């Protein structure tokens, strides 16, 4: 390998998407509970805050997932070009599933283990350099 690929650093924060998805789900449930309670003004403020928290968590999760996808594809490309290990382009599908998983959280059950396996295999084949 002439120059080590450092794109894998961008794949590492993939678990943050799970945290933002959980935070968003909590905020949405809180928003629904507060907006249907019909109580006073304080519940309205808390409901708006929950809505804003959910929107912010979704935006952060989407941004991180997009960043992970781009870094994953660039890492695969760099390894295919300059390394003894030539990972399949199919690893990019794990990144796409992860990106879609920001809105359909059930898909994170597939993408999180897949990205973990990618980093594990990468470490075994090339090392983390």
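Yeah, the Cβs are placed from backbone N, Cα and C, and that goes for glycine too.
Predicted automatically and left uncurated, TrEMBL annotations should be read as such.
Panel annotation: around the transmembrane segment (6-24), residues 53-54, 57-58, 60-61, 64-65, 67-68, 70-72, 74-75, 78, 98, 101-102, 105, 108, 111-112, 115, 118-119, 122, 128 of the same chain, lying at least six beyond its termini, place a Cβ under 8 Å from a Cβ of the stretch. Sequence annotations record features per position, and here TrEMBL assigns transmembrane segment to 6-24 (among others).
Annotation source TrEMBL lists transmembrane segment at 45-76 (among others).
Per TrEMBL, transmembrane segment is recorded for 96-120 (among others). Remote same-chain residues near the transmembrane segment (96-120) are listed as 8, 11-12, 14-15, 17-18, 20-21, 25, 58, 61-62, 65-66, 68-69, 72, 87 (criterion: CB distance under 8 Å, separation of at least six residues from the stretch ends).
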